[in-house]
Amino acid sequence: MRHGKREDTVNPTWQAKARFPWDTPLCAKEAEIGEASKRLLDAGRSFDVIYSSPFLRCLQTAQRTMQHLGCTDVPVFVHRGLSEVHVPGLIFKCRYPTAAQRARLWLWHSAYGRISRADRERFSRKARLVPTSRWPTVPESEPRAADRFRQVIAEIAAKHPGQRVLVVSHGMSVLASYEALGLSGRLVQVMFAGFIACRSRGQQQQQQQQQQQQQQGSQQQEQEQKPGHAPQQKGEEGADAEGAEHQAADDVQPQKDGEQPKQAHKQAHKQKQAALPTAVPGAGAGGAWSELELDPELPYWNLDVEFKKSHE
């Protein structure tokens, strides 16, 4: 998930007055996080653990999301590898930073634990800094930052198998994840609080097995509730004849009330699935990312994805 709306987007003079101009907080009238959280709530999503970029706007986004979802007691880890892209234009708002600007960034990096203590302690369970995480180098290119995000997120996923993990970072992290999954379509823009949802491929198999079991149970209940149904206590020949009779009756049975809407719903669902990004064979980052896929129930939100138009 990308962080919410930044203060400097509505107050352009904020950075000129700030001691650490790259560490912009969220603006007071930010609304995107609440909308994203509502999507997650409506889909029945919650989280067991949260990872956040050390930047203040990401910590605030994580905190507000936890409050909306009612999971304020889950552990929060601050990972330096989820930091903003360290391109001078993004960090310093200039192409060639001065020695004083570089020194101030070094100070912020080295003293991060003390500077952000109040922010880290705002959570119900104090956020912990991942000791093995490292700050990005300066300057950092965007391709190198994308590789960093893919590596860190893959490591986080591998560390928490079977758990629901929320990663709050920056726009490039969402873009890198989209590309790592090898999805069709081009991700043009990640809006504030935009997110992409993934699941393990093993989880898909488990869900399919559960759905099959539920369908079989529902079919058995419907069969038992049919008028004139009696337990099969006949001989094999009688049972076969009765089964054939029921099959013939099913073939000519008139359409039940409500059956057409169900079929229409299924067709609409198929059309919706067809409009979603799909995995492109041979694309993606491979490795740990090959074990992940887009969650079809809640694939993404607040992302601008562009699909190529098919030529008939």
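Cβ atoms here come from the backbone N, Cα and C positions, even for glycine.
The Cβ of ARG57 (substrate binding site) has 26 neighbouring Cβ atoms from other residues within 10 Å, across all protein chains displayed. The substrate binding site annotation in TrEMBL covers ARG57.
The site 'Transition state stabilizer' annotation in TrEMBL covers HIS170. Around HIS170 (site 'Transition state stabilizer'), taking its Cβ as the centre, 23 other Cβ atoms fall within 10 Å, counting all chains.
Positions annotated as compositional bias 'Low complexity' by TrEMBL: 207-222 (among others).
Under the heading region 'Disordered', TrEMBL lists 207-312.
The compositional bias 'Basic and acidic residues' annotation in TrEMBL covers 243-262.
Taken from TrEMBL, the feature compositional bias 'Basic residues' applies to 263-272.
Summarising the annotation, TrEMBL assigns compositional bias 'Low complexity' to 273-282 (among others).
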C-alpha spacing of ARG57 (substrate binding site) relative to HIS170 (site 'Transition state stabilizer'), in angstrom: 9
